Amino acid sequence: YKLSVAPEMDIMEYCRKEWRGSTPVAKRMRKGYEAVAQKFASIRRVRGDNYCALRATLFQALSQATQLPSWLQSEDFTMLPENLLSRYDWIKQWQLKQKLGRKMGEISDEIKEYLILLRKKWKNISEIKGPIEKQEACDKLFKNEEEEYSLYEALKFLMLNTAIELYNDDKNGRRVPVFSWLLFARDTSSNPCQLMRNHLNHIGHSGGLEQVEMFLLAYALQYTIQVYRLYKYSTDEFITLYPNDPEEDWPVVTLITEDDRHYNIPVRMCQETML
């Protein structure tokens, strides 16, 4: 089993190994890593396939989870696939983990299994009290490819559900966050059906998450995703929050990116930042 999230390594040691040269880019990256190192001691590399944004976010969320989020506790959570499929016929075109041409009932059942798995894993890990044991449980989960990829399918489906809610809210004159307009202003995703066909179906296969989809992921999980964007060092976009006006009670997870495509995770907050 390959571990999807590599063991931790000293952050500045990692930076020195990756960015040796004296080019302006290398200098900027080193400065960026130095800034992150004031808050975090270590970095964990995340496997670089097209799931890496989902992987990094979920890993961080689970490794600091102390309770089951309220949306995971709701009665009708596992009924989501059935409910959506009964209203939107086009969801039959959802592509499940490289397996094409499924019947509608199967899609609904399969996604339901993924959602149940997500709830179960989140509940189990959040109940582990000791930080070392919690970390071991996360490492174990992210070594199990079958389960890990099932969880990403669950997250993608939750993103679709959130997109449908936002789209309908906007159509019905309710206030929606700005990113929602941007999401549906793209030629390739002017409605949830196009978003699914042209974007969500491709995540993990031929593409990763675009910036605007990071907002959608944050809303789906009700988590604030804080990202150190190293190539933006010394600009006001160096630390970007998704969403940029987060709800106060949303937990925060922190990621690092050098290019907005691949994400790694910083771990071990330095003592002084915690105080």
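Cβ coordinates are placed from backbone N, Cα and C, and glycine is handled just like the others.
Among the features that TrEMBL reports, active site is placed at ASP49 (among others). In this view, ASP49 (active site) is surrounded by 13 other Cβ atoms within 10 Å of its Cβ, with every protein chain counted.
Here TrEMBL flags CYS52 as active site, nucleophile. Sequence-distant neighbours of CYS52 (active site, nucleophile) (same chain, 6+ apart, CB under 8 A from its CB) are VAL46, GLY208, HIS262, TYR263.
Look at TrEMBL and you will find GLU237 tagged as site 'Linear diubiquitin binding'. Less than 8 angstroms from the CB of GLU237 (site 'Linear diubiquitin binding') sit ARG229, each of them six or more residues away in the same chain.
Marked as active site by TrEMBL: HIS262 (among others).
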Ten-angstrom check, please: count other Cβ atoms within 10 Å of the Cβ of HIS262 (active site), all chains counted.
18
